[in-house]
Amino acid sequence: MIIDQVAFRIGPLQIRWYSLSYIFGMIFAYWYIKKIDKYQVFNKESYESVISWWVISVILGGRIGYILFYNLDFYIHFPIEMLKLWNGGMSFHGALVGVMIGMYIFCRKNKIDVLAAFDLGACAVPVGIFFGRIANFINGELYGKVTDIKIGMIFPASGDLLYRHPSQLYEAFGEGFLLFIITNSLFFFTKIKTSKGMLSSVFCIWYGVIRFFIEFVREPDVQIGYIIFDQITMGQLLSIFMIIMGFYFIKLAKVQDKFSI
């Protein structure tokens, strides 16, 4: 399948679907967190400045993560390419680490509860993930392995005419849609939000597990392939660390609950 990677053009300026996915994701996160928070975690003044922290943290984290995790040798030889964001190359795990560091600094600076802020993010971020994976699908990148199932698709970027798993759609559904339903159902219909850090743990563990298993039907990145036992990809390794981080959030939540009794 072939879909134009450019959503629309304004004169010589090309607006790509992947760029729009980041824009839509951040706008939604800002609007949605403000809607469900109702100034309980973030105050009015902090909302006016937090968006710039999100944008910078996501872009820097995503780019640095991609460089370090997926294509370090290339960027060592061609360092100027690091600045060419329009050529692609972003890592979700890197963006997550980036935004967590950025939000930690922002929250400490503004005397905001860090875990409570992370929990709000756990409710909104899945929508950004959904948009990002749909953009990957439109771009025909991050496609799956060859398959004979009926929903298999041809991705010209693979260099062949074989039917492959639409792994981008699997991820959009599992990491995006389902994760949004889960975190928000817990937020609105249970008391889990009173245990600060638990929603963050659900986010990390669910995403890590879903990503780990979907990677088995996703074609590994050509520049690094498999990194452990000719079976485990970089995405899976990073997802394992994400799961571990999720259990660490559970520990933090329990510690905070103990001292708040």
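Using the three backbone atoms N, Cα and C, a Cβ is placed for every residue, glycine included.
Listed in Swiss-Prot for this protein:
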type	residues	note
TRANSMEM	13-33	transmembrane segment
TRANSMEM	50-70	transmembrane segment
TRANSMEM	86-106	transmembrane segment
TRANSMEM	112-132	transmembrane segment
TRANSMEM	169-189	transmembrane segment
TRANSMEM	197-217	transmembrane segment
TRANSMEM	232-252	transmembrane segment
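Counting Cβ pairs under 8 Å to the transmembrane segment (197-217), the stretch among 13-33, 50-70, 112-132 with the most such contacts is 112-132. Among the recorded stretches 13-33, 169-189, 232-252, the one sharing the largest number of Cβ pairs closer than 8 Å with the transmembrane segment (86-106) is 232-252. Remote same-chain partners of the transmembrane segment (50-70), defined as residues 6 or more beyond its termini with a Cβ less than 8 Å from a stretch Cβ, comprise 22, 26, 29-30, 42, 82, 85, 89-99, 101-103, 105-106, 221, 223-224, 234, 238. The list of residues near the transmembrane segment (13-33) in space but at least 6 beyond its ends in sequence, with Cβ under 8 angstroms from a Cβ of it, reads 5-7, 42, 47, 50-51, 54-55, 58-59, 86, 88, 120-121, 123-125, 127-129, 131-132, 134-136, 138-139. When Cβ-Cβ distances below 8 Å are used as the criterion, the transmembrane segment (112-132) is approached by residues 18, 20-22, 24-26, 28-29, 32-33, 36-37, 41-43, 46, 92, 99-100, 103-104, 106, 171-172, 175-177, 179-180, 183-184, 187, 193, 196-200, 202-203, 207, 249, 252-253, 256 of the same chain, each at least six residues removed from its ends.
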